[in-house]
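Quick look at what Swiss-Prot annotates:
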TOPO_DOM  13-17  topological domain 'Chloroplast intermembrane'
TOPO_DOM  28-31  topological domain 'Cytoplasmic'
TOPO_DOM  42-54  topological domain 'Chloroplast intermembrane'
TOPO_DOM  64-69  topological domain 'Cytoplasmic'
TOPO_DOM  80-92  topological domain 'Chloroplast intermembrane'
TOPO_DOM  103-107  topological domain 'Cytoplasmic'
TOPO_DOM  118-121  topological domain 'Chloroplast intermembrane'
TOPO_DOM  132-143  topological domain 'Cytoplasmic'
TOPO_DOM  179-201  topological domain 'Chloroplast intermembrane'
TRANSMEM  3-12  transmembrane segment
TRANSMEM  18-27  transmembrane segment
TRANSMEM  32-41  transmembrane segment
TRANSMEM  55-63  transmembrane segment
TRANSMEM  70-79  transmembrane segment
TRANSMEM  93-102  transmembrane segment
TRANSMEM  108-117  transmembrane segment
TRANSMEM  122-131  transmembrane segment
TRANSMEM  144-155  transmembrane segment
TRANSMEM  159-167  transmembrane segment
TRANSMEM  170-178  transmembrane segment
TRANSMEM  202-211  transmembrane segment
Amino acid sequence: MMKASFKGKFDVDKSGSVASLTFNAGNAKLRATMTDASFVAGPSFNGLSLAVEKPGFFIIDYNVPKKDVRFQFMNTIRIAEKPLNLTYIHMRGDNRTIVDGSFVIDPANKLSANYMVGTKNCKLKYTYVHGGIATFEPCYDVAKNMWDFAISHKLYGGDNLKATYQTSSKMLGLEWSNNSKSTGSFKVCASMNLAEELKPPKLTAETTWNLEL
């Protein structure tokens, strides 16, 4: 089976698009992704990436024009019968390594950590889900010694509203999204820097279409 998806992003300054094709190869998946840079000046390798994925185990991405490889490995172990999800990511070109972990205490509570190896970049996050509808996520940035906050609420019909606030940049964000596994998804975002003079919020919109071929 082959699946195709098309993603378009639109904002005041610029617009862009991404198309991908995914093929099932046994218990693995092969994926080719192209951006609009692949076609602007005629067909080219610009914006082309190739990937092989075994869901839940690994993803290997190859950026064709940059000749760069990104490795991602996933694993789950159990501590006191509770899952600890671990992800290891290495970008060869940037020589960066990221370790990410999340510990699911119960369906309503989760602890997460994200650390870039060799730096002070580390974020700690707590996720609380109330009644399966409302989610509250405080996040502590160790390097900046700052807190970020996110609150989201599920609505009828699959819609989701989310508000975020970054204390370091004083950036306030609002997001309305809807995700459908069969047809696709959309997301509309508005952001405003509260540290600057009063300006109209910056608006962006994303939409994704999924097809089975």
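Just so it is clear, glycine is given a Cβ too, placed from its N, Cα and C backbone atoms.
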Best-packed against the transmembrane segment (3-12), counting Cβ pairs under 8 Å over 70-79, 122-131, 144-155, 170-178, 202-211, is stretch 202-211
Grouping DSSP H, G, I as helix and E, B as strand, the residues of the topological domain 'Chloroplast intermembrane' (42-54) number 0 helix, 8 strand, 5 coil
Within the topological domain 'Chloroplast intermembrane' (179-201), count helix residues (DSSP H, G, I), strand residues (E, B) and coil residues, in that order.
0 helix, 12 strand, 11 coil
The transmembrane segment (93-102): which same-chain residues, six or more beyond its ends, come within Cβ distance under 8 Å?
63, 66, 68-69, 84-87, 110-118
Intrachain neighbours beyond the topological domain 'Cytoplasmic' (64-69), with Cβ under 8 angstroms and 6 or more residues off its ends:
45-50, 91-93
Beyond a gap of at least 6 residues from its ends, the CB atoms lying under 8 Å from the topological domain 'Cytoplasmic' (132-143) belong to 107, 119-126, 149-154, 168
